[in-house]
Each structure stands twice: as C-alpha cells, then as structure tokens.
Amino acid sequence: MSTESGTATGSESTSSSINLTSVRAIARKDFQDAVRSWMFWGLSVFFFVLLVAVTGTISYFGEDIAAEGATTEVLVLFVSQITRLVIPLIALILGWKAIAGERETGSIKILLSLPHSRKDVLLGKLIGRSAVLSLSLVVGFVLAAVIVAVLLGGFDVVDYFSLLLMAIVYGIAYTSIAVSLSSLTRSTTIAGAAMFGIFILFYVVWNAIQSVFQLLMNRGTIEGVSYTTEGMGLDGTTEQITRERLPDWALFIDMIDPGNAFQNTITFLGSFGGEDMGTTYPADWFANGVPFYLENWFSFVILLLWIVVPIAIALYRFDRVDL
Amino acid sequence: MPAITVDSLTKSYGQELALDDLSFQVEEGEVFGFLGPNGAGKSTTINVILDFIRPTNGRVEVLGMNAQAHSREIRSRTGVLPEGVETYDRLTARQHLEFAIDSKDTDDDPRELLERVGLADAIDKKAGGYSKGMSQRLMLAMALVGEPDLLILDEPSTGLDPNGAREMREIVREENARGATVFFSSHIMEQVEAVCDRVGILRDGEMVAVDTVEGLRDSVEGGTSLRVTVDRIDDDALQAVRSLPDVSDAVVEGESPPTLVVQVSGSKTAVLTELEDRGVEVRDFTTREASLEDVFQSYTTGTEVEAR
C-alpha cells in the first residue's frame, strides 16, 4: 500500500510555491489539533515529573554542591541529560503521524483542497508541531525552575534559559526529522517503524560506532593520532607519555548525533565552560589547535543542519508523489 | 471557456490502468454528473483535476489553467468535497470552517455556512463525535466557503439519509443558480438525474457516454417497452411486429390473457397498427420507459437495456 508512483509529465514543473499566509493557516490549525492530543500531554507530564523530581532532588541536596559553587552547572548537566533523552521521544511521537496519518485517513485532501501547496503543508506542520513541543518544554522548564528556586533560593537564570533555548532548537531538529520521515509514506505503520529506526540509530547504534572505531584503532585498522601528555612515571616523577586517540574524522562522526550536538551546544550560550560539562576534548589532543568542525560552536551548526536538511529533502520529494 | 477540460488522460499504476485515454469537458455554468460504478476511475480523475496525483499521460485544464502548474490558483476558486475523508477529530466544526475561511482569505460566517448545511447545532462540538452524515455536511460547508466558481463534489451523498441527500441537491441547485459550475460524482444514477444538466458515464477508466439526461434515455436501444393485451396469439402477426424497423424484440409474456411485450425505440402506434392489420384485436396496452438506472446498468455492465 505504500508504493508510490509520482510521474512528472512533459515539461510541466511539479515544484510548488510557498505562501506564508498558507503556512501560517496550516501551522495554526495543526497547533490547535496537536495540542489537544492526549498522547502528547501524557509524554509531557512524564517529562515535567522527571525534570521536577531530578531538579528537586539536586536542589534538596544542593547545599553540599552549592558549597562548591557549582549548583547551576550540576543542575544544567542533569537537566540537559534528561532533556537529551526525552525530547527525541516526544518529538518523534508528536511528528510520527504528521503527514502519513493525514494521508492514511485522507484528511490531507481537506488541506490540499484548499489553496495550499504541498510545501505549505510540510512547513506548516513543522512549525505547528514545533510550537506545540516548545510549549511543552517551556511549561516543563518553568515548573522545574520554580521548584528549584523555592528549594535552593536561586540559580543562574541566564544559564538555565539558554539551556531551554537550546532544548527548543534540539526539539525542532527532531520534529523536522519526524515530520520529514512522516511525509515519505502514506502508511502510519511504516512511518512508526521509521521513527523507531531513528530512535535506535541515535540511542544505540551511534554510541556503538565510537566503540567500534576504538576497537578498530586498537587493532590497527584505523590509524589513530598520537599525542603526548604529562603522566606520572613509575618512580613518581612527571614524564611525557605518548598516547593514541581517534582521528578527527571519527570524532566528527560522533558529533553528528543530534543528542551530542545538543549537549555540546549548551556551553555555547551559557557561562560555564566545556570542561565542566565534559564536552570539550582534552587540550593535549590537539597540538596544532582544535579544527573548527570539532569546536562547540560547530555543534550548533550541526543542530541547525538537522532542522534544515531533513525538511529540505522532504520538501523536494513530497512535491513529486501521488498522495 | 469550459470549466474543466480533460484531454487524453491516462493514469497507470504499474501494470494497472486506472484511466485510459479519457477525454471530456464540463461547460461553465452547468451541473455535470460524473457517474460510474465504484472503481471505474471517478476518484482518480478528480485526484488529477486537484493535482493530488499526477497523470501518466494527457492534460487537464481547470478554469482555463493547467491543473498541475496552476493548482493553487485553481483551488482558490474551487470548493471541494473530497470522498472517503475523515475530518479532524479534535477540532470543532467552527475550527474546521475558520481554517477554510483563513485558507481562502474570505470573510464568511461559520455559523451561516453551517446553517445552510443543517449543522449549526453542532458548531462547537468536536468532529470526532460526528456521525458520517454530519462529517459530510461539515465538509460540504467547507466546500462552500468563498463562493467558489467551481464545486467538485466527490460522492457527496455518502453517509447522508434520503432527506440529507435531498438537502444536498437543493444546495447544488442554489450554488448553480448563483453561477457556479458543479462537477458531481456518484455511483447512483438517481442522485444525479434530478439535478444534473449533463451526465458522463465512466466505465473501467473510459467514458462510455456523455449526454443530457433526456439524451441518455433516448440513446439506449429498447428505450420503451410496450405491453399489449390481445384476443389471441398469432405467430405471423408476432413475426410481422418483430420485423418492424423500430422494434428490437417481441415476446409472448403470457397466454391468459394473451400478452405480448414489445421493445420499441420509435413509434408505438406502428406496432399497434401492425397487429390490427393482421386481424389481432388489441384489448389493452401499457408502456414503460426505461429508467435511467436501466440506462446506467446497460452502460456500466455492457448488457442491453430491457425495460420491463
């Protein structure tokens, strides 16, 4: 049922135009529709509870940490890790049926009977669902912030809200992936399988890739990069030790994962350094300076690409299929 | 300028041919009934007209514009009631209409439109709780937004009770009187004959007949059946009747009273005169027109019409 034949005829262009009024109308309708989904709010409540519970716990035991003057960093670290894991789940479930569901029930014909182009529909969907997800994140983060503020008496607002901002960008990236995948098929079953595939890819496979690289390097299949660092010798004196690390390209592959990109990006806006977050490579690794594509700011570019590339592919392809 | 021009339209899905070199025109200002059994290709044709699917071959023009290149302009002047479509469960009728009004950038009043289709009571109820008929009324209301020049109604009577179907035809008449062209698909002849100026009959992806309702009735061989009660059966007379130019068939239906049934497309008097001339006394006769349903049956199944 999911085979599609889109045949362009003659020289007629099948590429549709984008009309901002249409995009807005669709985004508005889609927001109204998706914001009433029980599934979505169930997941969001799960997210709030997790966030509030963890931040509450940290804040409660926070005095010890506060003594070290690092509360906000610990808070941001924990919250970012929860966010990193939960946002893809919410976004994929929220975007799963965005297009495939409408094609399956035929309601996409309601959208496209009106003077909207297919591109308008995709963009409107992406914006509508991103807005719903952002609403959920704002509510969750503010709730958690109130609890933390009450228990802790204060924290670094700028750092916390820069985390929120990045979480929203991260959420939009996954929404873009979800909506785009959803536009590739008219079967919600296949779309669901694709969402699951993405989930497995970035939760399991991507981490495994790094282990595989490490293994291949140890076996000599991949040539590592040697670097020297200071270490403690057997006699207790400091001496230079030569070690091997993965080559730059292998490190870059690790950075492509939207989750890693998100965590690297947090330090980009906040006041804390990458060392605290564990997202910066040891300085010894790069004798001649860190290549630009391994710097934290480039992770932000990667995150933006995760928004732009999937939807661009979907925009191109969705114009060319039979509904 | 025709409202819809379909020119040598072919659509195939792999080996399967859904539309085979289909050509027809819908004139501006008319109500055109697009008739055919389920699976004949009606929805496929409408899907190409609305650019939901792309033709394998051929060309479609709507309101003088290419259906693919100018789809947005076409749809901004067209109201569509799609077939087999679910409304948005979580949105109310008002929200559905506001979306359509927003999309077409008009200033219609949702309540007025819902009153026209008899759904004003449910204006703030979510469509998830609607019956099939209510959803159909809601989508008809959406199609009416912005006084479109062209209305495309795909199986509009689906899910409607006879009263609802009658109200729907009333709206079609009103819209047509306002100046709109109506393209109306159905698999039931009865629903189109009351309201359509012309009817096109589709069978296996090909147009087998396009004509006015009257023209279709006349076009079918054996359009009228003549039942004659006579005083006796005479084989020679029966042969003579059969050989009349306008008679396609004549059979003995019964012996008591002796009754003949004659399929005739022209003059009925000729049949009666012929019988009288052969010395057979005509005691009584009745005629029955072939119904359009019979005509439709004949076109879509390939069997001859036998008015009974």
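Using N, Cα and C of the backbone, Cβ positions are placed for all residues, glycine too.
Summarising the annotation, TrEMBL assigns transmembrane segment to A:38-62 (among others).
According to TrEMBL, the feature transmembrane segment maps to A:74-96 (among others). Long-range Cβ contacts of the transmembrane segment (A:74-96) within its own chain (Cβ-Cβ under 8 Å, at least 6 residues beyond either end) map to 34, 37, 39-40, 43-44, 46-47, 50-51, 54-55, 58-59, 62, 65, 125, 129, 132-133, 136-137, 141, 144, 148, 155, 159-160, 163, 167, 170-171, 174-175, 177-179, 181-182, 188, 191-192, 195, 198-199, 202-203, 258-259, 262-263, 266, 270, 272, 276-277.
If you look up TrEMBL, you'll see A:132-154 (among others) marked as transmembrane segment. Through the fold, the transmembrane segment (A:132-154) approaches residues 31, 34-35, 40-41, 44, 47-48, 51-52, 55-56, 58-60, 62, 66, 71, 75, 79, 83, 87, 90-91, 94, 160-161, 163-164, 167-168, 171-172, 175 of its own chain, all at least 6 residues removed from its boundaries and within a Cβ separation under 8 Å.
The transmembrane segment feature in TrEMBL is assigned to A:160-181 (among others). Nonlocal intrachain contacts for the transmembrane segment (A:160-181), taken as residues 6+ away from its ends with a CB within less than 8 angstroms of a stretch CB, comprise 72, 75-76, 79-80, 83-84, 87-88, 90-92, 94-96, 98-99, 122, 125-126, 129-130, 133-134, 137-138, 141, 145, 191, 194-195, 198, 258-259, 261-262, 265-266, 268-270, 300, 303-304, 306-308, 310-311, 313-314.
Look at TrEMBL and you will find A:188-209 (among others) tagged as transmembrane segment.
Within the same chain, residues 99, 118-119, 121-123, 126, 166, 169-170, 172-174, 176-177, 179-181, 183-184, 255-256, 258, 260-262, 264-265, 268 sit at least 6 positions outside the transmembrane segment (A:297-318) and bring their C-beta atoms closer than 8 Å to a C-beta of that stretch. The transmembrane segment feature in TrEMBL is assigned to A:297-318 (among others).
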